[in-house]
Amino acid sequence: MPGRIRNRQLATKIVEADEAARLIPAGANVGMSGFTGAGYPKEVPGALAKRLAEANAQGDPMKVSLWTGASTAPELDGALAEADGIELRLPYQSDPVSREKINSGRMDYIDIHLSHVAQRVWQGFLGPLDVAVIEISGITEDGKLIPSSSVGNNKTWIEQADRVILEVNAWQSEQLEGMHDIYYGTTLPPYRRPIPLTDPRDRIGVPYLECPPEKIAAVVETEAPDRNTAFKEPDGISRAIAGHVLDFLTSEMRCGRIPESLLPLQSGVGNVANAVLAGLREGPFSGLTAYTEVIQDGMLDLIDSGTLRMASATAFSLSPSAVDRFNKHADEYRSRILLRPQEISNHPEVVRRLGCLAMNGIVEADIYGNINSTHMMGSRIQNGIGGSGDFARNAYTSIFVTPSTAKDGAISTIVPMVSHVDHTEHDVDVIVTEQGAADLRGLAPRQRAKQIIERCAHPDFRPALRDYYERSLAASYGGHTPHLLDESLSWHRKYLQEGTMRV
Ligand code: 0RQ
């Protein structure tokens with residue numbers, strides 16, 4: 001790994017992953033790097049999982065609590081969950097094995113706004129952080145740490161942990177050096193000052209993570225790639241949703257509410273979000289910027305086409321082909337991409353000041369505009385709220401997107417009452433499905449219900465929604481947000497009992 005560990009003192013701390021994993025005690029709180037499959041440690045988690053599995057097999061159970069930036073990959077979340085080695089997980093995950101353990105009650109999970117994590121740890125609610133395991137792309141001569149393809153909570157983990165294990169990954173482009181902006185100015189009240197960021201392009205920190213050398217207990221070398229799943233080609237439904245979002249943005253621009261360069265974009269992860277980004281290339285927009293969490297393929301395409309001037313995020317989430325493209329041209333992308341700690345990329349103060357346009361996927365919405373982003377049938381968690389709440393509440397305009405049905409049409413994603421609430425009606429401006437867009441701004445609850453049913457619901461479910469709404473108007477206890485409480489969750493109950501919400 002020539003040139004990656006340029007500091008002599010830290011080069012003496014190189015060990016194998018097994019040895020580093022032995023530094024993590026049973027019951028430890030472990031903060032690992034990683035955000036949406038980028039920049040997570042690749043070697044130590046596997047070695048730790050082996051140790052945990054052996055201890056569990058010998059009847060001497062051993063678990064750790066795992067904190068990250070967001071989701072990681074099968075080699076980290078999957079391996080540790082498979083070994084039954086995670087006591088508590090936070091703040092966001094999307095791993096199928098972890099999901100199964102959480103939903104069967106064998107793993108605790110705290111689903112938390114991504115911008116809140118650092119503060120919660122500083123406040124001490126989660127206990128002390130024993131060990132941090134952080135992937136970096138290199139170490140400078142004077143011991144500064146060059147971050148890799150995500151920043152996430154790494155600054156906080158390094159500051160808070162008793163000891164730090166570094167994984168230096170030579171697979172990551174050397175050209176990442178200089179692409180990061182690590183802000184060391186956040187603090188607890190009453191000492192807080194404004195975050196001096198008024199444009200997504202602003203640099204307010206330094207390009208390196210800092211860590212006192214005596215805290216660094218081990219350095220592990222690796223050359224393993226990030227997870228990198230490919231995106232699906234946008235299907236008809238994603239393209240229709242993207243079309244409605246673009247029509248909405250175009251009309252906002254024509255009304256003079258937003259400029260031709262739009263406002264800084266935030267886009268959630270997934271295929272629909274990627275299709276919306278792809279569609280922006282065809283729209284009448286230019287000189288766009290992004291202030292978001294994740295840079296996915298669609299954003300890179302927008303940079304390549306010259307439509308997007310600059311993107312600020314905390315992580316990449318690229319398909320294998322986009323990673324190749326990025327790694328080949330990282331030098332050119334450096335002037336157009338900035339990666340920041342998630343405390344800053346998702347900071348409510350900054351999101352509000354910049355006036356972001358937020359676009360996020362959902363599980364279901366109800367006829368009054370409340371949103372469930374996380375729980376299937378009210379109880380089974382899918383991923384987590386992630387950063388959607390950080391942006392939705394503080395954005396200039398908050399758009400939520402979803403196909404109007406799920407599970408081959410058996411489920412309506414527009415329901416009388418959501419079975420779990422992540423975003424209240426107060427944080428939801430626009431709901432878009434392949435059927436159309438409901439602009440809820442300035443509307444009272446009964447007006448919203450009509451818009452959502454007529455514009456967003458699938459035609460097969462519209463008559464039943466109208467019927468529910470009409471009967472609620474006649475028989476509800478209150479007329480402001482009419483509901484029939486005996487019936488409001490009956491659509492979910494029907495699905496659980498009969499496998500369909502259809503009448
Ligand atoms: O399940 O694959 O078993 O069929 O849910 O649904 O349509 O593939 O949707 O990948 O766009 O994810 C909300 C989960 C959508 C995501 C969610 C079933 C459906 C399928 C997945 P199957 P799709 P997507 C930035 C912002 C919260 C976090 C966030 C998410 C599976 O967007 O996690 O926004 N958002 N972060 O069949 C029952 C319904 C359903 C349903 C879909 N109503 N009831 N099942 N499904 N709707 C990123 C970060 O913060 C890191």
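Positions of Cβ are set from backbone N, Cα and C atoms, glycine also.
According to TrEMBL, the features are:
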- Glu293: active site, 5-glutamyl coenzyme A thioester intermediate (ACT_SITE)
- Gly268, Val269, Gly270, Asn271, Val272, Asn383, Gly387, Lys407: CoA binding site (BINDING)
- 7-221: domain 'Acetyl-CoA hydrolase/transferase N-terminal' (DOMAIN)
- 326-468: domain 'Acetyl-CoA hydrolase/transferase C-terminal' (DOMAIN)
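Location within the structure of each feature annotated in TrEMBL.
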| residue | record | DSSP (3 states) |
| --- | --- | --- |
| Gly268 | CoA binding site | coil |
| Glu293 | active site, 5-glutamyl coenzyme A thioester intermediate | coil |
| Asn383 | CoA binding site | coil |
| Lys407 | CoA binding site | coil |
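A separation of roughly 28 Å, to the nearest angstrom, links the Cα atoms of Lys407 (CoA binding site) and the residue listed as 'active site, 5-glutamyl coenzyme A thioester intermediate'. Taking the Cβ of Gly268 (CoA binding site) as reference, residues of its chain lying under 8 Å away and at least six apart in sequence are, in sequence order, Val294, Met359, Asn360, Gly361, Gly386, Gly387, Ser388. Cβ-based neighbour count (10 Å, all protein chains) for Asn271 (CoA binding site) stands at 17.
When the binding-site residues Val269, Gly270, Asn271, Asn383 are compared by Cα distance to the residue listed as 'active site, 5-glutamyl coenzyme A thioester intermediate', the shortest distance belongs to Val269. The number of other CB atoms found within 10 A of the CB of Glu293 (active site, 5-glutamyl coenzyme A thioester intermediate), across every protein chain shown, is 31. Around Lys407 (CoA binding site), a 10 Å sphere centred on its CB holds 11 further CB atoms from the protein chains shown. Mapped onto DSSP helix, strand and coil, the domain 'Acetyl-CoA hydrolase/transferase C-terminal' (326-468) counts 48 helix, 37 strand, 58 coil. Within the same chain, residues at least six positions away from Val272 (CoA binding site) with a Cβ under 8 Å of its Cβ are Ser238, Ile241, Ala242, Gly361, Val401, Thr402, Pro403. The most densely surrounded of the binding-site residues Val269, Gly270, Gly387, judged by C-beta neighbours within 10 angstroms, is Gly387. When every Cα pair among Gly268, Val269, Gly270, Asn271, Val272, Asn383, Gly387, Lys407 is compared, the largest distance found for this CoA site is 25 Å. Around Asn383 (CoA binding site), the C-beta neighbours below 8 angstroms that are at least 6 residues distant in the chain are Ser71, Tyr92, Gln93, Ser94, Arg99, Thr374.
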